[in-house]
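Q: Just passing along the structure, written as structure tokens.
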């Protein structure tokens, strides 16, 4: 059990990296605290698995350090780091029985046989493999094999951390829920640091206390699911988290007499004065505004403070509806609750000030008092 | 309701295969069967003798000895070549120019015609001018494959190991390359020893290529003819006379076509039987118990 610190870590697969795109992992510093359940969320190819393999030692980072409890482990091989890792596709030892598979990591470190037995039974019980223990692993179905792979990750209870690399890819949806619950229980029971790589936001938010969102080899935000939803620190987080993702539109900072205003076409978008002052100080003329469909306010009748927009279409998703509308020619979405009446033709929407997020160069401009420690620029030590 | 139309024309589509198999296997084999049950002097003078030739062949003590020798030989080379081939495959580099170079070097013995292999070893082993033979003499070992049965055996086995271990090695090499990297990664995470990696990952994944390797090597070595014929001519005495050579002596040397045909069929059945035994044993070993 350990906290894992990444110190100025970067990794490239090329010999002579010149531009940021040459790096699979761009320079980052990050701490996974001891005992946490973390998710590493991002699209395919963003460097999640690379980062995981660097932590487990399967891959040596080209730059920077990996520390377990403050001790540098760069030079330690995976077998010396005492870490467990579960891979995307099942890895079982075909010729061994399920029991021997689960016992394998324990026997390799010389655990006495009576302890091996009790531990294997315990893990098999949790994963519901008890009646399969005597079978050869070769004849198992894919999801059973994956359970065996996961079991091998869970049998050692003194590991520094357990890393999961999209472990539920091959598992049936119903079983996925169950296994995720189990992992969570195991986490609560043993208090082991767990890092769970996935590209599924639902999987990440049900498993993890805190989620690190990765994009283009960087961690763009590290926070609770709620923080990621309410206060995306990067446009990618807004786009990737939530279904549908955040609405984005470009606005310009213009002077109107004494005052500054954010203009989207002819419309003024209201943001706080502090924000306007900040933007002016930054010298940012063009900004990206983001608002979640959940926070777009759709008025029932005509309203002079709201913008008049045209309804494009409404998708009924069962418990809620998604309204698509055209605002100044741009398609945007709003989420309607079940009991809200379905509008058509010309309607009125407004964007509540507190939920209208302002982004400059893809990163959030935050002027709220509760300045977040997860400001990605500080967190990753990276500036564009 | 329409009655089902019987249409067996599709059978004509397999006719070419039947023809090819008939000409390549069945007809030649039937010729042998024909000879094995008749005593033929010329096309018009032939007598049906039933199982006479088979009885004679089964009771021939020279053939018993050759058969025993043949089994000892085949099992000896299998015991040496299979583990050695696996070792060579494990040691071969996996990437870069070293890999191509190693592949070429290992494959060279396989590219040499069999009678040339015999000739190479005949010269290589000669005590007066051969590199190996002269070396053995110079360090005081009395080595002469032409007069000492043990030396002759040693040389024939050594020659086969040199010639055919590369086949096993190449098969294993391809089998090893087919193992996904993630298995090795998982083994490292599980803190498996080098031996455990071999025993539980590499060996199980090699089973299929090893079946092919063992069957090929068994069949080929069981039918070996050219190399020992060139190297020792079956001698000294009949110490390295294997089944094929006995057969050739009988069929072409003595022109006893009847017994030779019966012998051929028994020979064929033995190979078939042993291969079947090998195959089912290995397959059973893999079964989910």
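Using the three backbone atoms N, Cα and C, a Cβ is placed for every residue, glycine included.
What TrEMBL shows for this protein is this:
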- B:67-278: domain 'ABC transmembrane type-1' (DOMAIN)
- B:12-37: transmembrane segment (TRANSMEM)
- B:71-92: transmembrane segment (TRANSMEM)
- B:98-117: transmembrane segment (TRANSMEM)
- B:152-176: transmembrane segment (TRANSMEM)
- B:197-219: transmembrane segment (TRANSMEM)
- B:260-279: transmembrane segment (TRANSMEM)
Q: Taking pairs 6 or more apart in sequence, does the count of Cβ pairs under 8 Å between the transmembrane segment (B:260-279) and the transmembrane segment (B:71-92) hit 3 or more?
A: no
Q: Check the transmembrane segment (B:152-176) against each of B:12-37, B:71-92, B:98-117, B:197-219 and return whichever range has the most CB pairs under 8 Å.
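A: Against the transmembrane segment (B:152-176), the leading stretch is B:71-92.
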Q: Using Cβ distances below 8 Å and needing 3 or more such pairs, separated by at least 6 in sequence, tell me whether the transmembrane segment (B:197-219) contacts the transmembrane segment (B:71-92).
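A: In this chain the transmembrane segment (B:197-219) contacts the transmembrane segment (B:71-92) - 3 or more Cβ pairs sit under 8 Å.
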Q: Short question: which residues 6 or more past the ends of the transmembrane segment (B:12-37) have a Cβ under 8 Å from it?
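A: Answer is 48-51, 53-54, 257-258, 260-262, 264-265.
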